[in-house]
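K.L.:
Grabbed the feature section from TrEMBL, which reads as follows:
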ACT_SITE  A:S164  active site, nucleophile
ACT_SITE  A:D335  active site
ACT_SITE  A:H368  active site
BINDING   A:R234, A:D369  substrate binding site
DOMAIN    A:59-374  domain 'AB hydrolase-1'
Number of protein chains: 2
Amino acid sequence: MAASVSTQSLGQPLGDDQRFGLSRHVVLPGPLRLDGGGLLSPVEIGYETYGTLNADGSNAILICHALTGDQHVASPHPRTGKPGWWTRLVGEGKPIDPARHFIICSNVIGSCMGSSGPATIDPSTAEPWAMRFPVITIRDMVRAQAMLLDHLGVGQLKAVVGGSMGGMQAINWAATFPERVRACVMVASTARHSAQNIAFHEVGRQAIMADPKWRSGAYYESNDPPAAGLAVARMAAHITYLSEAGLTEKFGRRLQARPDRPDGAKSFGFDADFQVESYLRHQGLSFVDRFDANSYLYITRALDYFDLAEEHGGLLANAFRGTATRFCIVSFDTDWLYPTSESRSVVQALNAAGAAASFVELSSPYGHDAFLLEAPEMNRVIDGFLRAES
Amino acid sequence: MAASVSTQSLGQPLGDDQRFGLSRHVVLPGPLRLDGGGLLSPVEIGYETYGTLNADGSNAILICHALTGDQHVASPHPRTGKPGWWTRLVGEGKPIDPARHFIICSNVIGSCMGSSGPATIDPSTAEPWAMRFPVITIRDMVRAQAMLLDHLGVGQLKAVVGGSMGGMQAINWAATFPERVRACVMVASTARHSAQNIAFHEVGRQAIMADPKWRSGAYYESNDPPAAGLAVARMAAHITYLSEAGLTEKFGRRLQARPDRPDGAKSFGFDADFQVESYLRHQGLSFVDRFDANSYLYITRALDYFDLAEEHGGLLANAFRGTATRFCIVSFDTDWLYPTSESRSVVQALNAAGAAASFVELSSPYGHDAFLLEAPEMNRVIDGFLRAES
């Protein structure tokens, strides 16, 4: 095991397997027992690490990604070339720093960036799993991450950190493997999906499944995926990531500039007249180049199934009873996808369980997306929390 | 003209033309000059009336319907058989009462219940207009209604009343034809569409246009409309009609009952496990039976284009300068589609213009949809306002 804990500097990842470009990739035999009752074997995991595990193995931090995120938390995305998705928090001189920490980020199972999901090959048929891939849960994602940590020789985490769906994994880590997590940071997240959350995801799933190119999920051979349906799903979801005020500030009712009309003009047609229309269309179109439609179905399903209380006898406090893990919960005041009231419920449960918990609601105009944007206050809170460990 | 002002009792409408079942229908020569620059001719209007115009013509009330509404405000829908959509407010013993008022409700142009829209026949080609139908605005809808009033011999309205898009028409009536409107009631509405409003509609339009059955709008001959795309559009919009708290109260995370599991169970598949999923799917599917996909494109476009201030030099107060119309503005505290802040902007403009305006925010758990549901307070407010006329 020790041999696989290799160090790497930012931008120079070394892979167990180079199939996924710059990303590291491992095939673990499993089986992974799933909440749905099935077994997944093998378990493929795409991941990245930054920094070096120290001698006493006490500096490992696991970062968990959001719905459409990936393992490229602090290094460029191999397909889009864009910088890592959380370089504002993770990197040299940042609160999570490869000079001090051994940072691990893995693609969740169900996704499409190297970890087992509907697009990977089912060895029993030598074809992509497609919709025969088992429905998975947030806890299943966490269990797969635990298998990766075993493989990497990381026993205990200094911290598990995540925003949005990453926050759900972080809190689930603390509940499922309390002895392996010294600290848990949950940002812009919730301990369960609400009816409205489920409703928005159902719209996205129906948009994908209504696309004739979806073909009940068997579109891999055709190389002609349900891009139109997936783009609509992304557009609907994207609205929930932004605040009403943020949208107004960014776009208002401003019109798209046109070659003949620099200030824009209504077309009295169905072009993207408004800047917000053009922006949303771009969000939808650029998403389909980097994401698999079936993965979108599976991961939204995992999110909708998520209810941490249900996993612990219906009472959220039970999930944390007797825990030694320290918790840091952060919400944003304009986040209407996972509003502050959801974080407050988690904090109340932590308090009821006698857990050490700090909670802060930050102010931002940017809604749910705030956790991915420049947020100096969030950095200060997380830096202080991580350094406070005795 | 007088001959066409026929009386009818509830449930027994008499039509100029019986083509549209129980609904009345008239073909006016026009032309109607449109905001987009074109001319619409002829102008077909499907409408209903209830009660009798009194001798001095002072008891006419025009009711304006919402995006997917119709003229059947107080009598059963001819296709679905469902009761009129505002029988809680309109009917015997209600604030708007055929025993006292001559009530008119017409299908907006652009729609699909008897008024000119993409599904009606373009006489120049003898085929449905489809996407050659001109893009229309809320003010165009209002101008068509004014032509209908001319036809019916109604000079001045005692009141124009509407909720949601109906409220936009009501306020536009007061701004466009101030001398024809003694009182204006705008419920759960706005004087302009926000970036977030536009964004949700753009998702719906893209869902329709992504459906291969849409065929650039030319699906009428095939009799195979883009039902899947339209259903997704309806599902996305429907979420915005309900409050988060209302969804939680109505559905929470409750599971669908199954034959073998009366309390429901997760399928670990992609069935509608949650009641909210099943409800949304039903909303989408039942909608496509009664609505035309192209009409949905045209009416959402008219809504997105709506900005009453823009029609009056960029200052909303200009729309009401010197008006003698009395205004009653009603909002609901959990309406996040057209939140109270939008109503407040209208009231501020009315005050700035010196108009007589009353404003009330009502409390309801039901979000935007509250105006269509049992709302005794709303009835009291509207009843008092309509009776107060000297």
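Yeah, the Cβs are placed from backbone N, Cα and C, and that goes for glycine too.
Locate each feature and note its surroundings.
P.N.:
Cβ neighbour count for A:S164 (active site, nucleophile): 27 (other Cβ atoms within 10 Å of its Cβ, all protein chains included). Following the DSSP three-state reduction, the secondary structure of A:S164 (active site, nucleophile) is coil.
Within 10 Å of the Cβ of A:D335 (active site) there are 29 other Cβ atoms, across all protein chains.
Packing around A:H368 (active site) is summarised by its Cβ count: 25 other Cβ atoms lie within 10 angstroms of its Cβ, all protein chains included.
The secondary structure of A:D369 (substrate binding site), as reduced to three states from DSSP, is helical.
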K.L.:
Where A:S164 (active site, nucleophile) and A:R234 (substrate binding site) are concerned, what is their Cα separation in Å, rounded?
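P.N.:
Cα to Cα, A:S164 (active site, nucleophile) and A:R234 (substrate binding site) are separated by 16 Å.
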K.L.:
I'd like the number of other C-beta atoms within 10 A of the C-beta of A:D369 (substrate binding site), please.
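P.N.:
I get 21 for this one.
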K.L.:
Using a 10 Å cut-off, grab the number of neighbouring Cβ atoms around the Cβ of A:R234 (substrate binding site), all chains included.
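P.N.:
The answer is 23 other Cβ atoms.
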K.L.:
Give me the CA-CA distance between A:D335 (active site) and A:R234 (substrate binding site), in Å, as a whole number.
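P.N.:
About 18 Å separates the two Cα atoms.
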K.L.:
Helix, strand or coil by DSSP: which one applies to A:D335 (active site)?
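P.N.:
DSSP assigns A:D335 (active site) to coil.
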K.L.:
How many Å lie between the Cα of A:R234 (substrate binding site) and the Cα of A:H368 (active site)?
P.N.:
15
